[in-house]
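A.B. asks: Before I ask anything, let me first share the structure, which is written out below as structure tokens.
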Amino acid sequence: MGLWEMVTDPFMQRALVAALLVGLSAPVVGTYLVQRRLALLGDGIGHVALTGVALGWLVGAGMGLVPDDVLAVPGAVVAAVAGSVLIEVVRRRGRTSGDLALAILFYGGIAGGVLLIGLAGGSSGSLMAYLFGSISTVTMADVWVTVALCGLILLIGLGLRAVLFSVSHDEEFAIASGLPVWALNMAVAVLAALTVTVAMRVVGLLLVSALMIVPVAIGQLVTHSFRRTMLVGSVVGVTVCVTGLSITYWHNVSPGALIVVLAIGVYAVVAAVHPLLARRRPATDPHPDIPDDVAVATPAGDGRQEECTP
Amino acid sequence: MTTLAPGSAHLSETPPAPDAPPAIEARGLHVRLGASPVLRGVDLTVRRGEVVALLGANGSGKSTLVRTLVGVLPPSAGDVRLLGRPLGDGVPWGRVGYVPQRVSAAAGVPSTAEEVVASGLLHGRRLRLPRGWRARVREALDQVGLADRAHRPTHQLSGGQQQRVLIARALVRRPEVLVLDEPVAGVDRPSQEAFAATMTRLVGDGMTVLVVLHELGELAPLVQRCVVLRHGRVVHDGAPPHPRPGHEDSDHEHVHPHAHSRTLQRAEDVRLADGPFEARLDARDDSAEDEGAR
């Protein structure tokens, strides 16, 4: 089987389109999360989305829908959005620290998901496809949902980049500029929730966050600007998603896991090589124009040398 | 320090318009942080074209006051008007510039000076950068003497340069009112001089300024009025305190054989001419200086 067979295989075509879009948009949202020091937010949302999947399943089974997981993805979207809005509210109220709120969501999301799937007549095995991805079963309808949601994520994430940067970079200044900070924070939270649900099919809920965060970590190793970090993140995201998925066409391994391992491998190589390249540049004084305003006393000074007080 | 003009030269050139509402007006302001009251009934008015310094020891509520004035902290009682409009969507935010205290923690994602300053162009309902934003950002960076650093990541700049980037971010929207929170704390000497030169030019053009300071320092010739806070109350509102003999010259140098005596003499710069709080203000300021030196 060659490359041509792969790109003409309709299963593979749908999967490649989904992987490409997710690889493009997940790092865009991830850049804002890293900027806000909420790198683990995607994980928290992913866990909550699992409860949503099970809830959708339960409702579908109760209504006698066929197949009974037809409401799983809508359930995940609803739960993810609700969870991310909840985290944002908790963060804003400041009663509970952000990481504590995230931890509670982690445990509640998984436990709730496993509990509900049992009530729906399934087993925890039914959740495996959502936990670790199921890109080979992407349908044409799934592709259209992915196109629509990724389009929305890119439209907001790139179109409002300057103001989302402002809010993520210095929230206090954004408030003092009269910006609608609450609405913008909510926008980031909802973008993160939508990203989690579209990436669920590709890498699975447990690995979703890796696709949002690891490409950004690579980007900030090699660039000095917010815009370029986002750009490099998206390029890396697309590359690892498409490469990882293509490899699974020939080798029977989990696409989600392979994509994440590839991304972390790229990070490790860049982190190892980057200092070697940086050392080649001549060492320069970073602030050559700043005069030396501290007079260092010499032992043979004029008797006015300073003493250090404890 | 030769860039400063004699202090009184600008003061008479920008008389406040008689009918214009004050630039900043706070009435009966009470603010709590958690359970503790930080501001207890503060009244403050800054008229158009005025340059007001907010002084006081650490913990006296200076930063809390300016953060409340620009809407960052909600007051538990009292109200604030900016340019005649109550805090909220009605304030013409494009005419107000705020320079927060510099936080030295490195951000999660690197950002260039240009990117940080550009965010100053967004305010109120303006969520997207206007046309020609690059030129305006360059102009603002030029005003603080950092035009050549536009594409440098801010975490590679010195503390003083980072502070100047924050000032450029406030200036890029061409405000009429500038609120600054300790703009020269822990800032290297060249940046302090660049800051004083920038402020002299802005005040000459009629800028209204409210600035939190530990000592008047380079800005002494510009400041028309001093408001001193102590334990969340205004304890002095009037003429700047007279500096001690030998300290009145804006370019006097602190030449001290011993680091500790330097902090003592700097604290004395803000000693007030009268009032029972004088000695304690100095004592508090001494520890504040130590903290700033860290």
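For all residues, glycine too, the Cβ spot is worked out from N, Cα and C.
From TrEMBL, here are the annotated features:
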TRANSMEM  A:12-33  transmembrane segment
TRANSMEM  A:45-65  transmembrane segment
TRANSMEM  A:71-90  transmembrane segment
TRANSMEM  A:102-123  transmembrane segment
TRANSMEM  A:143-164  transmembrane segment
TRANSMEM  A:173-196  transmembrane segment
TRANSMEM  A:202-223  transmembrane segment
TRANSMEM  A:230-250  transmembrane segment
TRANSMEM  A:256-277  transmembrane segment
REGION    A:283-310  region 'Disordered'
A.B. asks: Under an 8 Å Cβ to Cβ limit, what residues of the same chain, 6 or more beyond the ends of the transmembrane segment (A:256-277), are close to it?
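C.D. replies: Tertiary neighbours of the transmembrane segment (A:256-277) are 19, 132-133, 135, 202-204, 207, 210-211, 214-215, 217-218, 221-222, 236-237, 240-241, 243-245, 247-248.
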A.B. asks: What stretch in A:12-33, A:45-65, A:143-164, A:173-196, A:202-223 has the biggest tally of Cβ pairs under 8 Å against the transmembrane segment (A:230-250)?
C.D. replies: A:12-33
A.B. asks: Grab the same-chain neighbours of the transmembrane segment (A:45-65) for me: Cβ-Cβ under 8 Å, and only residues 6 or more beyond its ends, written as numbers and ranges.
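C.D. replies: Apart from its flanks, the transmembrane segment (A:45-65) reaches 71-80, 82-84, 87, 105-110, 112-117, 119-122, 126-127, 130-131, 192-193, 196-197, 200, 205-206, 208-209.
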A.B. asks: Ranking A:102-123, A:143-164, A:202-223 by Cβ pairs under 8 Å to the transmembrane segment (A:173-196), which is first?
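C.D. replies: By the under-8 Å Cβ criterion, the transmembrane segment (A:173-196) pairs most with A:143-164.
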